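**Student:** Below is the structure I would like to discuss, written out as structure tokens.
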Amino acid sequence: MRPDLFEAPDYYNLDELLTDEHKLVRDAAREWVKREVSPIIEDYAQKAEFPMQIINGLAEIGAFGPYIPMEYGGAGLDQISYGLIMQEIERGDSGVRSTASVQSSLVMYPIWKYGNEEQRQKYLPKLASGEWIGCFGLTEPDHGSNPGGMVTNFKDMGDHYLLNGAKMWISNAPFAQVAVVWAKDETGRIHGLIVERGMEGFTTPETHNKWSLRASATGELIFDNVKVPKENLLPNKSGLGAPLGCLDSARYGIAWGAIGAAMDCYDTALRYSKERIQFGKPIGQFQLQQKKLAEMITEITKAQLLTWRLGVLRNDGKATSAQISMAKRNNVDMAINIAREARQMLGGMGITGEYSIMRHSMNLESVITYEGTHDIHLLITGMDVTGLNAFK
Ligand code: TGC
Ligand code: FAD
């Protein structure tokens, strides 16, 4: 892959909306991605392997629990800093951002919000430092968009719970030490359980042959009569709203992350359009290429404004789940369209690993599907504005 010459677009001077701390956090993440991710990520994506050596660096830039209080090892940052870190990481690769999203919003968040003090003390500092990696088991082979139908279940055996079932498409599963697993009790109520690698009957086979998110490890979680200690149940929230509450936080991070992927594709195509000569002039001089670039920067700028505003609402505790759905859906769609147009602007070079665009393009096929598909988020917005539920 070529040297990373990324220059972030800021067409509406959005930096003026950021505090010094936001810029400091973002610039540190940006430099780290240039130094540690860009030079290696194409190889790891080609090999379909997660680069384990970047775990410590992710912890150092605050990517594991950016908004978790410092007393538990988190970075204690606000929601805009969290978003900016996700933006920068996904500018490097969506799969790397996935690992950070899952660790922060789908593992640390439920332990922090729904766990007791012993669980917080036991797990959060090790997750924040990257000593332990976590995963989040909600999706099942027969229950993806409708997680409420899950069949994974546990029975109260007196001194422990007995867990049975299977989860599918789980990011980080093949190497995670800790899994936050959503399962039904004997009354059909959904609870979160912390399952640890090494518990008898718990296996995590890897999912192979992905054309997307190749630098992120995906796998299954299989529970065959797993004895889970009673102290591993998250006591402070149950019902489908518990896992969906974690998704709010992760979807918000993805909304920022998608901007990062889009910025990288735009910046690459812009640079290429000035360097590539056809018919005796740079291709950027042709109106059709300028149309593509003009539309890209317009869409990026709109997404930046939407997402910054969402961050302000989240900092004030006012963002609704439906507002988060709108940003996730809009921004991922924006990024996937920009990746596609940018790839065309590079002609044949666009399909190679010399440039990041094709990798972003393929990654975004997962991002537009996970954490609620494009159509599910459209239906959430539809339900919000009409008051009519298309899912029932
Ligand atoms: P519904 O009856 O509407 O709701 C059940 C309960 O949940 C509450 N609720 C929420 N709470 C917090 N945050 C949200 N976003 C919430 N949305 C709903 C709701 O108020 C209700 O509470 P209560 O107290 O009344 O019981 O549920 P439904 O079964 O009709 O389904 C609704 C639907 C389709 C919107 C939802 O299930 C959904 O979002 N489906 C998409 C599934 C999904 O996003 N899965 C993601 C799996 S994790 C993942 O993909 C990680 S990828 C990681 C990475 O690598 O980055
Ligand atoms: P389905 O739910 O079967 O949907 C198939 C199609 O039907 C979609 O187009 C969908 O939009 C459409 N559809 C479904 N219901 C409706 C409806 N009511 N109206 C209209 N259209 C509808 N899950 C986890 O729990 N943890 C993870 O860490 C995780 N990581 C993932 C990593 C990757 C790389 C991928 C690809 C997925 C991951 N997922 C994870 C799973 C992801 O959340 C699901 O794939 C997603 O929620 C969609 O579920 P599904 O694949 O079963 O599709």
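Note: Cβ is positioned from N, Cα and C throughout, glycine not excepted.
TrEMBL feature annotations, pasted as is:
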type   : residues : note
DOMAIN : 19-131   : domain 'Acyl-CoA dehydrogenase/oxidase N-terminal'
DOMAIN : 135-226  : domain 'Acyl-CoA oxidase/dehydrogenase middle'
DOMAIN : 238-383  : domain 'Acyl-CoA dehydrogenase/oxidase C-terminal'
**Student:** Averaged over the domain 'Acyl-CoA dehydrogenase/oxidase N-terminal' (19-131), what pLDDT does the predicted model reach?
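**Tutor:** The answer is 98, the mean pLDDT of the model over that range.
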**Student:** On the DSSP side of things, how many residues of the domain 'Acyl-CoA oxidase/dehydrogenase middle' (135-226) fall into helix, strand and coil, could you say?
**Tutor:** 3 helix, 47 strand, 42 coil
